[in-house]
Amino acid sequence: MVILGVNVDHIATVRQARKTFEPDPVMAATLAILGGADGITIHLREDRRHIQDRDLKILREVVPCELNLEMAATEEMINIALNIKPDMVTIVPEKRQELTTEGGLNVIELKDSLKEAIKKIKDAGIPVSLFINPERNDIECSKDIGADMVEIHTGYYSESRGDVQLKELERIKDAVAYSISLGLKTNAGHGLNYYNVKSIAAIKGLRGLYIGHSIIARAVLVGIEKAVREMKNLIKEACINA
């Protein structure tokens, strides 16, 4: 069964809009787990635009399932990861001007610095995933530099429609199959929602899906537990019928 990691960054986005204490992403994470989330994901950005260091520290103490820390491969973030020891680290590209992560890592161009970062994190006993585009060259390079996992970027699939979306789906299927053949645990995420998730969840061998915005957006209307439960049910249906 494909696991569901729920990203609670957008809870923190609402809080930081007023620089106040609520809503609390820690409380949101607890409710997400009650709704069936298999893990919690947060992205601690260099500019601290949403998740704060305090959130990461408390989540590490209270989350009983997988805590996935998304981060850039900077010295500051590596040191934080080594100190907090999340259950896994996902290295992502990061630009100050972007609203959200816009694409996968340029693994080939950054392979030397990524290899060094991966080694430091893995030496502390923390598995490392790389957020990459559905390209075989990036998958091969991820394997070569020591990644334990990859997360296939589904943003282009999520943003497209019709024949273009079907083409993107085939790219993702090929990437997942190739990644698994190389021995990498393989996840997917970015832009997935209640209308497009089933085709991705049905891909054979996929380990997990990491979803944030669509779940939090629905949670505003129906509550976090129900929003997570509805997404979890869609994933289960897709896996059963695959």
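Please read every residue number as a count from 1 along the shown chain.
Cβ coordinates are placed from backbone N, Cα and C, and glycine is handled just like the others.
For Asn7 (3-amino-2-oxopropyl phosphate binding site), the same-chain residues lying six or more positions away in sequence with a CB closer than 8 A to its CB are Ile40, Thr41, Ile42, His43, Glu70, Tyr210, Ile211, Gly212, His213, Ile215, Ile216. Annotated 3-amino-2-oxopropyl phosphate binding site per Swiss-Prot: Asn7, Arg18, Gly191, Gly212, His213, in sequence order.
Neighbour count (other Cβ atoms within 10 Å of the Cβ, all protein chains): 19 for Arg45 (1-deoxy-D-xylulose 5-phosphate binding site). If you look up Swiss-Prot, you'll see Asp9, His10, Arg45, His50, Thr100 marked as 1-deoxy-D-xylulose 5-phosphate binding site.
Marked as active site, proton acceptor by Swiss-Prot on the basis of sequence analysis: His43 (among others). For His43 (active site, proton acceptor), other Cβ atoms within 10 Å of its Cβ number 22.
According to its DSSP assignment, Glu70 (active site, proton acceptor) is in a strand. Cβ neighbours within 10 Å of Glu70 (active site, proton acceptor), excluding its own Cβ and spanning all shown chains: 27. For Glu70 (among others), the entry in Swiss-Prot reads active site, proton acceptor, with the evidence type sequence analysis.
Look at Glu151 (site 'Transition state stabilizer'): DSSP puts it in a strand. What Swiss-Prot records for Glu151 is site 'Transition state stabilizer', and it gives sequence analysis as the kind of evidence.
When Cβ atoms from all protein chains are considered, those within 10 Å of His190 (active site, proton donor) total 25, not counting its own. The active site, proton donor annotation in Swiss-Prot covers His190.
Same-chain residues at least 6 positions away in sequence with a Cβ under 8 Å from that of His10 (1-deoxy-D-xylulose 5-phosphate binding site) are, in sequence order, His50, Gly212, His213, Ile216, Ala217. A separation of roughly 15 Å, to the nearest angstrom, links the Cα atoms of Asp9 (1-deoxy-D-xylulose 5-phosphate binding site) and Arg18 (3-amino-2-oxopropyl phosphate binding site). Burial estimate for the binding-site residues (Gly191, Gly212): highest at Gly212, by number of other CB atoms within 10 Å. A C-beta separation below 8 Å, combined with a sequence spacing of at least six in one chain, links Glu151 (site 'Transition state stabilizer') to Thr90, Ser129, Leu130, Phe131, Ile132, Thr186, Asn187, Ala188, Gly189, Tyr210. Cα to Cα, Gly191 (3-amino-2-oxopropyl phosphate binding site) and Arg45 (1-deoxy-D-xylulose 5-phosphate binding site) are separated by 19 Å.
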